Every structure is written in structure tokens, then in C-alpha cells.
Amino acid sequence: MAVVGVLALQGSFNEHIAALRKIGVKGIEIRKPEQLRDVTSLIIPGGESTTMAKLAELHNLFPALREFVKMGRPVWGTCAGLIFLANKATGQKTGGQQLVGGLDCTVHRNFFGSQIQSFEAELPVPELASKEGGPETFRGIFIRAPAILEVGPEVQVLADFPVPSKRLLGSDPSLEDQKENDEEESKVIVAVRQGNTLGTAFHPELTADTRWHSYFLKMGNEITEAASRSCVPVEVSVCHKQPPQNDLPIFQ
């Protein structure tokens, strides 16, 4: 059985491990570089990206994380983890932070605003639904969430989200929303895949819907299949429950 590592420096690593357990997969906490040798894939959870970066530097994790990505191992970043995996990040605090890289994209940190501006929204997810079944939408939980502003040619967009155009023209996302009649609608990207690297701006681990975890696990199974055709991959039986009722407002 595949063993999935979950970076456990700060943030929602326990929730990811619980979601993996629901689909019959073992997740282990990763805090030291040498622990990466014991896992086949890695999840970098949501949390406070600056704090996570400082702790990763303290534990000398960045070289090992970058090597893990370069080796083509499956890696998934959610929210702060997405920022970690981006090749470029904007809207950072003074001095910025180290990035792992691997996703050919530009991420805007805290694009959707502060903690009190967190929200939930139904996201069209045709690729996820075609691979994992279930509803055609996924309820995204956005908490101090980033957004992807640009992607390279090899990046597959898995989900996007409509926003007022002025948000993409340098306006401060913490300001009050502009009047809808005064501006056109654009979209920002909130989920991508590039090879074996997956990124979501929202928090699937905070829902009862485990389809993203199943989707990510199958990325790891693809690696196992390629390495040894004589091995039969373990099929994961997933019960897709309806997500819980709203705890956060719908983004307008």
C-alpha cells in the first residue's frame, strides 16, 4: 500500500491524515528531511505560509522538498501548500519567503482577503468528476486563500472561479468589493495539475468529500504502475458523501 507523507510543520495536516484514513490510505507526519525517504507521495497542507516557510528553513527541509518534486514524486499543495509549490508568488510580506517550486504558475498570496473574508463556493470540477464520479461541482472552502493568476503551457487547469476584473488589475483584495455594474467579470484559477504536481487554493481536507484525495492517490498509483507492470495497483473504494452544510458565507 502507498504511504502518503503529510508535511506536519503547521496547519491542517491532521485533517489530511484523517481524510486519507477514510479512503484506506496511511498518512504519516513529515517534519525532517530524512522522513521523505519513507513515503511515495507528499501533501503540503494549508496553514500560514510564512510560518511554514520559516519552520521548513529551520529544519533544513527545502533542499529535500525540492529534490522530491524534481524526482517526479506526486506532490499536492493545498492553500499555503499551493504557494509553496508555485514557481512565483506575489503579494508576499516584506522579504518574501522561500518556495519549493515545481508548478509553472504565478500565485497571489491571500488574493481573496483576510481571515474574516473566508468563504465557501461551489466550483465546477469536470476533470475531477470524470475521474472520481460524484457531483459535477465541489464545495471549495477558501480561508485566507491564494489564487493562481497565470499558468504555463504544461499546466492543466482543473478549476477556476469568477471574480471582478478590477481584482486582477492590482486592486487590494482586502478592500470592499466594487459595484458589480461598474466592472466586468474575470476568472482566477484555483486548482491545477502539472505532471505529478497538484495544487488547490481551497481546503478539500475540511470537507466530507474525499474525491481530491482519491484523485491525488491515483497519481501515485500511476507512478507505481509505470515502475512495475507486474504489480496490480490497489483500487481504492471511496464513498462520496454529500458535503456538510455551509459554515462560511458564499462569496459574492
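Cβ from N, Cα, C; glycine included.
The active site, nucleophile feature in TrEMBL is assigned to C79. Long-range Cβ proximity for C79 (active site, nucleophile), meaning a same-chain Cβ under 8 A and a gap of 6 or more residues, is found for P45, G46, G47, I143, R144, A145, P146, T200, A201, F202, H203.
If you draw a 10 Å sphere around the CB of H203 (active site, charge relay system), it holds 24 other CB atoms from the protein chains shown. What TrEMBL lists as active site, charge relay system is H203 (among others).
Residues annotated as active site, charge relay system in TrEMBL: E205 (among others).
Taking a C-beta cut-off of under 8 angstroms and a sequence separation of 6 or more, E48 (L-glutamine binding site) has the following same-chain neighbours: Q10, G11, A80. Look at TrEMBL and you will find G47, E48, S49, R109, I143, R144 tagged as L-glutamine binding site.
Between the C-alpha atoms of S49 (L-glutamine binding site) and E205 (active site, charge relay system), the distance comes to 17 Å. The L-glutamine site, placed at the center of the C-beta atoms of G47, E48, S49, R109, I143, R144, has further neighbours from the same chain whose C-beta lies within 8 angstroms: G11, G46, T50, C79, A80, I83, N110, A145, P146. Residue annotation for L-glutamine gives G47, E48, S49, R109, I143, R144. The furthest Cα pair among them is separated by 12 Å. Note on R109 (L-glutamine binding site): other Cβ atoms within 10 Å of its Cβ, all shown chains, come to 22.
The highest number of surrounding Cβ atoms within 10 Å, among the binding-site residues G47, S49, I143, is found at S49.
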